[in-house]
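What Swiss-Prot lists as trans-zeatin 1 binding site is Asp8, and the listing cites similarity to another entry. Summarising the annotation, Swiss-Prot assigns trans-zeatin 2 binding site to Asp28, Lys54. According to Swiss-Prot, the Ca(2+) binding site annotation covers Pro32, Ile38. Under the heading trans-zeatin 3 binding site, Swiss-Prot lists Glu133, Lys136, citing similarity to another entry as support.
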Amino acid sequence: MGVFAFEDEHPSAVAQAKLFKALTKDSDDIIPKVIEQIQSVEIVEGNGGPGTVKKITASHGGHTSYVLHKIDAIDEASFEYNYSIVGGTGLDESLEKITFESKLLSGPDGGSIGKIKVKFHTKGDVLSDAVREEAKARGTGLFKAVEGYVLANPNY
């Protein structure tokens, strides 16, 4: 089993608190609205706090799959949200899980900066570039889609 990591960051015009709320507390409602492939987000275990497991169902080219998203930690005071993708038909077969440690920092002009550390826990000793790049693209797409929703809905 190997562990492969990368870090990324994304600037946003949206303030920390507002974007954090959209990316965490309200994400179950927002994400299916802004990402066409996501059909549903449902809690299958827990109450929304650490330990909660969500089933995220998506459709890609007529094929439906799902991932299990486990909340590892939420800290509203420091704008930190840690979670893992721990299973499901949408998790690449080469992976045991993917862990995410995210934090929103104060950014320029009232905005924020999203920082994320991603660790791929592989079943073998290799992580393909395709798997890593696809996960990175999906993460960036999700962040930008939720940010776009908040910017388009000023009364959010």
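Count begins at 1; order follows the chain as displayed.
Just so it is clear, glycine is given a Cβ too, placed from its N, Cα and C backbone atoms.
The model shown is predicted, which means the values in this text are computed figures rather than measured ones.
Structure with Swiss-Prot features highlighted.
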{"residue": "Asp8", "record": "trans-zeatin 1 binding site", "Cβ within 10 Å": "14"}
{"residue": "Asp28", "record": "trans-zeatin 2 binding site", "Cβ within 10 Å": "15"}
{"residue": "Pro32", "record": "Ca(2+) binding site", "Cβ within 10 Å": "17"}
{"residue": "Ile38", "record": "Ca(2+) binding site", "Cβ within 10 Å": "17"}
{"residue": "Lys54", "record": "trans-zeatin 2 binding site", "Cβ within 10 Å": "21"}
{"residue": "Glu133", "record": "trans-zeatin 3 binding site", "Cβ within 10 Å": "10"}
{"residue": "Lys136", "record": "trans-zeatin 3 binding site", "Cβ within 10 Å": "14"}
Top Cα neighbour of Asp28 (trans-zeatin 2 binding site) in the set of binding-site residues Asp8, Glu133, Lys136: Lys136
Inter-residue C-alpha distance, Ile38 (Ca(2+) binding site) and Lys136 (trans-zeatin 3 binding site) (nearest angstrom): 17
Where Asp28 (trans-zeatin 2 binding site) falls in three-state DSSP terms: helix
Rounded Cα-Cα span from the residue listed as 'trans-zeatin 1 binding site' to Glu133 (trans-zeatin 3 binding site), Å: 12
Asp8, Pro32, Lys54 screened against Lys136 (trans-zeatin 3 binding site), Cα within 10 Å - retained binding-site residues: Asp8
